[in-house]
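The following features are taken from TrEMBL:
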- CYS165, HIS168, CYS228, CYS232: Zn(2+) binding site (BINDING)
- 81-90: compositional bias 'Polar residues' (COMPBIAS)
- 272-287: compositional bias 'Basic and acidic residues' (COMPBIAS)
- 288-309: compositional bias 'Polar residues' (COMPBIAS)
- 369-379: compositional bias 'Basic and acidic residues' (COMPBIAS)
- 386-395: compositional bias 'Basic and acidic residues' (COMPBIAS)
- 89-278: domain 'p53 DNA-binding' (DOMAIN)
- 69-90: region 'Disordered' (REGION)
- 272-325: region 'Disordered' (REGION)
- 356-395: region 'Disordered' (REGION)
- LYS109: site 'Interaction with DNA' (SITE)
Amino acid sequence: MADPEPEGLPLSQESFQELWNMVIVLHRAVPPENAQWPDLQSMLYTNELVPNAIDSLYEELEPHVSMPPQPMVSNPDGLAPSSSTVPSTSDYPGELGFQLRFQQSGTAKSVTCTYSPDLNKLYCQLAKTCPVQIFVSNPPPMGALIRAMAVYKKSEHVADVVRRCPHHERAPENNEGPAPPGHLIRVEGSQMAQYMEDGNTRRQSVLVPYESPQLGSECTTVLYNFMCNSSCMGGMNRRPILTIITLETKEGQLLGRRCFEVRVCACPGRDRKTEEENFHKQQEKGSSKSTGSNKRNIKEVNQSTPPSDNNKKTKSSSSAEEEIFTLQVRGRERFEMLKKINESLELKDLVPVADLEKYRQKLHTRSSSRREKDKEKEPKKGKKLLVKEEKTDSD
């Protein structure tokens with residue numbers, strides 16, 4: 001007995017096509033969940049699904065897709081890039097006369113921040129306040145900014161970025177506040193500070209708005225903190241650093257630049273005193289070497305080069321005799337002796353040749369007469385001329 005056929009459409013290619021059309025109608029009847037999104041169903045179920053349609057789909061979806069959070073950018077709206085690949089460390093006062101000054105402090109062990117004018121170097125303790133006074137001869141434009149950046153001093157390290165060591169970066173101490181933990185330089189007492197990291201060079205800097213000096217004051221003061229020691233492993237690692245302070249417009253145009261060296265240590269006063277003493281000793285050694293080279297017995301300042309060709313030998317003797325030489329002599333007695341010799345030679349040049357011959361003849365006759373007189377005074381053979389207070393053998 002044959003099984004009864006199931007009710008419904010026969011299972012053939014035509015029945016499958018009718019079923020597929022019914023599914024499309026049902027999907028089109030369902031309203032989209034988000035009215036702002038494009039009608040994706042109309043694009044998916046069309047027969048004109050070509051690469052151009054896929055591209056247009058991406059363009060329509062792009063404004064509705066949520067992007068992942070971007071890393072911290074270095075420049076706010078309207079600011080130019082913070083630095084070049086190798087920042088300049090030369091001082092540039094600019095048209096505004098941009099200058100930096102530091103408070104006077106001694107070399108006592110109790111000081112937390114001290115500046116050496118001889119070395120142009122700031123000594124400070126970790127996370128201690130370092131006041132820097134900003135001077136300008138003319139007021140900068142509105143919205144001007146002050147940027148502070150640290151770079152390595154030596155050429156073999158200048159390409160590296162100055163960062164905090166991993167220990168201080170991860171430690172909970174001194175990491176409160178809005179400043180990122182990896183930044184070495186921070187600004188104290190200002191809520192307007194912006195911590196930047198250049199997208200190309202990865203160099204870090206901090207920006208604060210320029211504030212006009214208060215009444216009765218000539219400068220504006222910025223309080224900086226250095227958050228890592230110069231000897232920290234994994235950070236500066238005993239590599240000397242320079243701090244660059246720049247005055248910029250809000251568009252990033254440079255108005256002035258000043259640079260100074262920084263050493264973050266446990267005892268700033270002691271280190272400043274030691275380095276200044278070594279600096280002065282080196283200066284004294286250099287000056288003594290320069291003076292010692294000048295103290296020669298005889299030094300020719302202007303020395304004529306010996307002739308190398310036969311043509312040079314044919315120069316007139318008068319031009320050679322007119323050259324002037326300078327001798328440095330040690331000792332007064334030698335100087336007087338050489339002075340007399342020089343004066344006699346100068347007089348000889350002034351006397352005519354005929355008179356010189358007469359003087360020579362007179363000197364020759366005088367010397368010959370003296371010799372004859374000396375011969376007459378000599379005793380005869382066998383006899384001895386007695387000298388005063390000399391006795392004979394018989395006496």
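The backbone N, Cα and C atoms fix where each Cβ goes, glycine too.
Whatever TrEMBL says is automated annotation, not expert-curated.
From a predicted model like this one, the values you see are computed outputs, not experimental measurements.
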Per-residue Cβ crowding (10 Å cut-off), top of binding-site residues CYS165, CYS228: CYS228
Long-range Cβ environment of CYS232 (Zn(2+) binding site), under 8 Å and at least 6 residues apart: ARG164, CYS165, HIS167, HIS168
Least Cβ-crowded entry, counting other Cβ within 10 Å, from the recorded positions listed as LYS109, HIS168: LYS109
CYS228 (Zn(2+) binding site): secondary structure state under DSSP, collapsed to three categories: coil
CYS165, HIS168, CYS228, CYS232 excluded, remaining Cβ within 8 Å of their centroid (Zn(2+)): ARG164, PRO166, HIS167, GLU169, MET227, ASN229, GLY234, GLY235, MET236
For the compositional bias 'Basic and acidic residues' (272-287), the number of residues DSSP places in helix, strand and coil: 16 helix, 0 strand, 0 coil
LYS109 (site 'Interaction with DNA') and CYS228 (Zn(2+) binding site), distance between Cα atoms, whole Å: 20
Coarse DSSP state, helix versus strand versus coil, of CYS165 (Zn(2+) binding site): coil
Overall pLDDT for the domain 'p53 DNA-binding' (89-278), taken as the rounded mean: 95
